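This report concerns only the one structure given below.
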Amino acid sequence: MIVTLANQFIPLLKDAAGIAGNIFAFGLFLSPIPTFRRIIRNRATEQFSGLPYIYALLSCLITMWYGTPLISIDNISVLTVNSIGAAFQLVYVTLYIAYSEKEKKVRLFGLILAVLVIFAIVVVGSLQIDDIFLRRIFVGILSSAALISMFASPLFVIVPNGMGTVLGIVQLVLYFYYKRSSREESRVPLIVSYS
């Protein structure tokens, strides 16, 4: 009886989580609208970065690919919401390019080209994997990495130096590792007086 109840509720929970995820994702896709109203009104990108929209485009494309029947079956909601998300990101990137300075335009065109090349490599590369389960795992990991990069992309505005970011992470890891050392060791004076 418990197994029967679980089998009835698991698909229901999956559907509920999918609907909630789509609602939140759609809200996330709409969130840059105030920024782009300002960009259009001022006819300039000002100090806004285009990187979050580039990363979001890559994330939506890879996650959209994950939702296709060639990768995972019964994930049509993942496919549809990320197709919509990719369309929103393309509009945002187009508006950003339209109102940015020439140097930023060239840089963003290069980044869009890189995103399209990466997406093409993911599509072609994943289709080379014959085992559907392994293909799903491969694209799922890439999708997760793309999602992490999308959510981390606003941090690039705060810490634009990639090497500085890596070194800062290493510094924090070392800090928390050595913070756990015994309290007695940390109470030993650095300078010993022999007087």
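Backbone N, Cα and C define each Cβ position, glycine as well.
Look at TrEMBL and you will find 16-36 (among others) tagged as transmembrane segment.
Positions annotated as transmembrane segment by TrEMBL: 48-67 (among others). Note on the transmembrane segment (48-67): residues 32, 35, 39, 75-80, 82-83, 85-86, 89-90, 92-93, 96-97, 100, 104, 108, 111-112, 115, 118-119, 122-123, 126, 136, 139-140, 142-143, 146-147, 149-150, 153-154, 156-157 of its chain, located 6 or more positions outside it, place their CB under 8 angstroms from a CB of the stretch.
Proximity of distant same-chain residues to the transmembrane segment (79-99), defined by a Cβ-Cβ separation under 8 Å and at least 6 residues beyond the stretch ends, is recorded for 21-22, 25-26, 28-30, 32, 36, 39-40, 43-45, 48, 50, 53-54, 56-57, 59-61, 63-64, 67-68, 105, 108-109, 112. The transmembrane segment annotation in TrEMBL covers 79-99 (among others).
Residues 50-51, 54, 57-58, 61-62, 65, 70-71, 93, 96-97, 100, 135, 138-139, 142 of the same chain lie 6+ residues outside the transmembrane segment (106-127) yet bring a C-beta within less than 8 angstroms of a C-beta in it. Among the features that TrEMBL reports, transmembrane segment is placed at 106-127 (among others).
The annotation transmembrane segment is assigned in TrEMBL to 158-178 (among others).
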